[in-house]
Amino acid sequence: MKSIFVSAALIAAADALIARDSTCCFHLTASGGPGGVVGQLSDGQNRIGQTSGLANGQGTYCIDSKGGLTDGNGRGCILTPPTTQFQCDVGASPTDGFSVSCDGALSYKGNTDFKACPTGDNGGYNIYTVAPAGQGGCVSITLGADNCKSGCPAPAPAPKTCPAALSGAYEYPHLIVPVDSKQPDKAFGTQYNGTVSNTVSSLFNFDIPSSDSGKTCSLVFLFPEQKNLETSSFDFSGAGGIDFAMLKGPASSGTTYNNKPGVATDYGVTKVAPGTSSVIATFPCPGNSAIGFSLSASDNTQFSYFQDYNPSPIGLYITVC
Ligand SMILES: *[C@@H]1O[C@H](CO)[C@@H](O)[C@H](O)[C@H]1NC(C)=O
């Protein structure tokens, strides 16, 4: 008998723990009527607009899994019969059926419309779900919660990767400029070739149109075999390590090794070889902006190619999806 009693007490304790874990707490602010934060009198009546005499200038309300509210003093919040006044009473079981929508609006049984009626006490208004008969001066209000929002759509999925091929929408570079650490103040100006060597890096500008805003962009490097190139060619030697980086800004035709934009994000070394295509990085398309990237050799890679989107496309592109 005794052991059964203990088990029941343990189950009750576990239930209490679950109930407490499923609560979430918020403050309320009224729109309409006198507006402003919802405070409380010492007896747990919830008030808006009251300039003095509140025990608690801003009430805290915790909502449980059944939509019952308990205030910061542990009092159950009820809609007192027969007037439906919203107050939190010592020892009361909370009235179920409240919820907080994704935009923060508190509702009772799906209705976000509450009534505020003047009390004559320091400008304070009581809160009801239904304006009591014979009570003058009541106005419609809504109550906004600052937490515990529910029913919000799932967050946008993590960016997928756009194709490492020009099969869909894409952007091509509008400027390619090499810089050479052996000639650090020389501006080579716009080139058609991408070139990397022990001393030469190439900077690529892309102009992302505003129509790409909200889409996903993948920086891709396409490197077909020579036999698949119709209008391009390349010279390639070494192990094929290329360090790709996003720059802090775009290059210009006057860019030199010494004045080139700094690195914003270094994507590290990708091994390229004829017959490979690589997704270097994927990010939200920065619509309506010019962005710059740099390609630098590692492992004694020497590589020069004619950037070309004719079959098969070769070089650095941004695919959009
Ligand atoms: C561009 O690259 C191709 C292939 O390596 C090469 O034949 C050509 O001379 C280069 N052009 C320039 C201007 O560097």
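Placement of Cβ uses the backbone N, Cα and C atoms for every residue, glycine included.
Annotated features in TrEMBL:
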DOMAIN    67-135  domain 'Cell wall mannoprotein PIR1-like C-terminal'
DOMAIN    171-311  domain 'Ubiquitin 3 binding protein But2 C-terminal'
SIGNAL    1-16  signal peptide
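When DSSP labels each residue, the domain 'Cell wall mannoprotein PIR1-like C-terminal' (67-135) comes out as 0 helix, 30 strand, 39 coil, counted as helix, strand and coil in that order. Secondary structure of the domain 'Ubiquitin 3 binding protein But2 C-terminal' (171-311) per DSSP, as helix, strand and coil residue counts: 6 helix, 72 strand, 63 coil.
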